[in-house]
Amino acid sequence: MSRSGSHSHRVRWWCLIVAVVAVWVQQVEGVWPLPQQLHQSADRDCLSPQRFSFTYGRDSAAQTGCSVLDAAFKRYFSIIFPDFTTLSENVLQYMWSEPQPFVVSVSVKTRGCDGYPDEDSDESYTLSVSEGQAVLRSVSVWGALRGLESLSQLVYQDDYGTYFINKTEIVDFPRFAFRGLLLDTSRHYLPLYAILKTLDAMAYSKLNVFHWHIVDDPSFPYQSRTFPDLSNKGAFHPFTHIYTQSDVIRVIEHARMRGIRVVPEFDSPGHTQSWGKGQPGLLTPCYKGSVPSGSFGPVDPTVDTTYKFMASLLKEVKFVFPDSYVHLGGDEVSFACWQSNPNVRKFMEKMGFGKDFTKLESFYMESIMNMTAALNKTSIVWQDVFDYHERIPQDTVLEIWKGAKYQTELSRMTQAGHRVLLSAPWYINHISYGQDWRNSYAVQPQNFSGTDEQKKLVIGGEVAMWGEYVDATNLSPRLWPRACAAAERLWSNEEKTLNADLAFPRLKEFRCELLRRGIQAEPLFVGHCRHEYDGLQLIFSLTGLCCC
């Protein structure tokens, strides 16, 4: 075939492909969550996977060998070019001129590649995208991860599979340091893959704390080294429905590589029915009249063995979970069993508590919080602990979960000088028909009566996904993209993100991006995503061309 004939054949082949694909160019709507400052122009660069690379800046404290960023570079290359194949580049070489290289230079001021994110981690970054390059600068590797996520969302494809990125300037940092998500793995066991997939989606949304409500009344899936019978007898199944020590390590490491803290919760003295199966003598025997009824209530706070057990368990928790925070629970304690037990009543009389069982709970929680402090851990407790007027160490973090009057609670807690987390308006295990993400988006965490100093004590909040009606079959679509509303509220400038109607196109596009990344995010409304059907992937892989 002559050279002109070969060219004519290639043109006809290209036209056939064009006819197959719908004809419109979709540019990126923006980044989710919205950066503090973002400026874009219409000028854009065409990207080729084979000419795209990540590198460390010469002035970067971290260089090749930094585990967090080396892995992130590989991960984000696959995220940016999900359908990159050798075939698409071979077609490119025959049909179009050689694309220009595009280099992403990453510089961090402090190395910190082997550590864990913590409450003081600096997640700020700047990102400058210009012709042939992007320059990402941050103080820490954790800020670099946030910048890489934003960069990945700036890349988009036209209908022929060509990748583009517009010239962009971003200055960004989180509004709140604590942006969490709670998973309940007691009411339904969540297999490891479901937890890891959730951590991926958290990183995409810039959520940075995984609150692992790992045990509760229904089951005790955490396999303790010190007390193996807790899971042997308290899990739904002692082999299939447990988290081994290696499972926990894997979750913590997966989270670390994405800049996510793992805060475990061992809730007591209530919510402990599963504990009692593997630890005889821990729970309070309930009485019917003058004889035991055979049932058990909360942890027995009147015996020394309880505190010896808790001290040993918390010592193990400190060793296994590296984060400086541990959640101690303290909520929803039923006093009926304590009231029925004659030994508990005698203890109450001896301690001068009268018939005020809130004082008994206070006695227990104060002891547990003191244990935690002795282990150099910061306690988080549910708001009930504060509401019962307990003597709470000043560095204890209080979490608001009761929804009716959370603004009043914010005022009271911060006036007392405590740091506070807000979760009450973000219990998204509750579902309703329609776009209920808008309710989460409308929350204003610092909109309460108090001084500026009080409002600084609100360190963030979290989305809660309780597990009564949630397991691995419906976890992702119930979480995403609904959790993204709180993610933006906790990251972005509130004044720039008050209008849910303006946010909707970005969230709709971000939901499609989650879907493209393998997160089964439910739809926000009528419509479709370009990448939602596997049949399109072949077309995109065949036409990942650069016509620069």
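Numbering starts at 1 and runs along the chain as displayed.
The backbone N, Cα and C atoms fix where each Cβ goes, and this holds for glycine too.
The annotation active site, proton donor is assigned in TrEMBL to Glu332. Counting only same-chain residues six or more apart in sequence, the Cβ atoms lying under 8 angstroms from the Cβ of Glu332 (active site, proton donor) belong to Gly270, His271, Asp384.
Under the heading disulfide bond, TrEMBL lists Cys66-Cys113 (among others). All protein chains considered, the CB of Cys113 (disulfide bond) has 17 other CB atoms within 10 Å.
Under the heading disulfide bond, TrEMBL lists Cys286-Cys337 (among others). A 10 Å cutoff on Cβ-Cβ distances gives Cys337 (disulfide bond) a total of 20 other Cβ atoms nearby, all chains included.
Cβ-based neighbour count (10 Å, all protein chains) for Cys529 (disulfide bond) stands at 17. The disulfide bond annotation in TrEMBL covers Cys512-Cys529 (among others).
The domain 'Beta-hexosaminidase eukaryotic type N-terminal' annotation in TrEMBL covers 31-154.
Summarising the annotation, TrEMBL assigns domain 'Glycoside hydrolase family 20 catalytic' to 176-493.
Feature annotation from TrEMBL assigns signal peptide to 1-30.
The disulfide-bonded residues considered are Cys66, Cys286, Cys512; of these, Cys286 has the fewest other C-beta atoms within 10 angstroms of its C-beta.
Proximity note: of the listed disulfide-bonded residues (Cys66, Cys113, Cys512, Cys529), none has a CA within 10 Å of the CA of Cys337 (disulfide bond). Using DSSP to sort the residues of the domain 'Beta-hexosaminidase eukaryotic type N-terminal' (31-154) gives these counts of helix, strand and coil: 41 helix, 35 strand, 48 coil. When the Cα of Cys66 (disulfide bond) is compared against those of the disulfide-bonded residues Cys286, Cys512, Cys529, the shortest separation belongs to Cys512.
Cα-Cα distance from Cys286 (disulfide bond) to Cys512 (disulfide bond): 53 Å (rounded to the nearest whole number). Rounded to a whole number, the C-alpha distance linking Cys512 (disulfide bond) with Cys113 (disulfide bond) is 32 angstrom.
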